[in-house]
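The structure appears right after this line, and notes come after that.
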């Protein structure tokens, strides 16, 4: 009985303590005051804006110029901080969430040092691709410092986990707080004057971050994916659109069709449009001449300073990125698993073969996967190119593309569509001299570091223009009709303003259409998703629903409505325009235009020589599916160290990207074959 009384007394004392507002309990409740966390949210938001603008005064000015959006950004940060109250280690998670926000801000600051497009969630999807080129943007010292900072941050987080105490969770209070904050987040847009901000239609990501703040834009890029279902989308509306497109007059299908070559020039534009800059000579004489003599015009592209893959997406598919998620790269989202109407698929109906060429790694933006879903038959990336030369900062030179383009066109007996993506003029542009053999100099006054960077860029541009001239000369004598389309993917990653350009639009590059069998005429300004259909129209080709839309209804009041409905139906909807069926089958992508194979395996002392054909510096010997340290000698010889082997061992040569991804491989060579031994 005495034991029962003691237990009852203990339970009563525990209940009394839990229900009594003791000083300790009150202090515990006050350990997470709303005012303190709200102040932290405001401070973090201000820091994010300072980092995003790379200026203390500009960040502070944003808070005063646009208090409504600043408050909304702070509300987003505050909501994420409030989630810590739902966990027992609330202090730790409060610190962790704060560190994550600040880390994103610092990451954005670093990214904006290399390009003009801010950090978005999609950037974390391409980290694997970036790893192979990080040395171009960061010195070894900077990489080490970043590594030390990351390790230190992880250690500090680990220590915080151990040191910061657990606390009682007041779920009712925490849930009410988070609920109120979430309610404010969802209701504020209904009363805000900045309606455009909350629509998710940013137009351009760089401008959106400038106007609407980092926290809001980055958060939107996390959750905003794909194309939202358009108002009025149903089978009836799609039948109406399809009916109008089918009523269009077919173009002349009897005319001889040319080979079509499109060359997307990295960061290329006519710098003579810079109205405050004078040069010792014209950096782009060939492009200037082509513009004057052949069909050309301004091309409005989706981004500035970055976003090559999105420009090519619009060109190849005829789809507008305006209707996709904020900062989205369809190459990293929908095209990972779905096929899309595209120039290659459309031209396949006319028995064209389609080839992609890129003098950079195949895995960047997952092109080695995506091009299959865009209808390409073959893809030659830098891993299949030999005897490359490089710019002073490490990008492959574009002059090598001429050889690859000719390989593509002579690899088939049919007409060809060749889509080449150049890379030479890519940043980061060095602010200290790296090239003593420059041909062109800037004659305008500017800060020395800026002048060095621009002079490096315009000299790379000059070399790219020389490639353009050489390509035109080569194709002039090609025995088949050829249409060549040249255009820039975006402006370079300099801080170029609209007022710096004589045409006052930093989202515009230019295009030229040249033919070797006849002249081309006309001046017409386009947006990138119209370029492909316009090029096909010059060859009397109208295959594809989007092609017909752009060719016939670009001036119609319902043009954009039809465009977004078609895009949604084709990629995310019911595919009404395709009779509810998937019209495209992924192509089996042949990597490289030259054959790669093993002809002999010889032993030379303590070495094994693998002899064959088509080898490049990215050729690696694999034995039993394991990489062997390989020395590249030339296109016919690879060397590995002599090793003990058994008759069942299998040797092959693979083409491997810098991130160790196998792109293709030769047939296996069995060691039970006779191996020639040389003393």
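Each residue, glycine too, has its Cβ placed from N, Cα and C.
Here TrEMBL gives transmembrane segment for one range in the set 169-188, 189-208: that range is 169-188. The stretch that TrEMBL tags with transmembrane segment, taken from the ranges 134-157, 230-253, is 134-157.
Mean pLDDT of the predicted structure over the domain 'Sulfatase N-terminal' (258-522): 95.
Counting same-chain residues at least six beyond the ends of the transmembrane segment (92-114), those with a Cβ under 8 angstroms from any Cβ of the stretch are 32, 37, 40, 44, 47-48, 51-52, 54, 77, 80-81, 83-84, 123, 137, 153, 157, 160-161, 164, 214-215, 218, 427-428, 493. Long-range Cβ contacts of the transmembrane segment (31-50) within its own chain (Cβ-Cβ under 8 Å, at least 6 residues beyond either end) map to 56, 58-60, 62-63, 70, 73-75, 77-78, 81-82, 84-85, 90-91, 94, 98, 101-102, 104-105, 108, 167, 177, 213-215.
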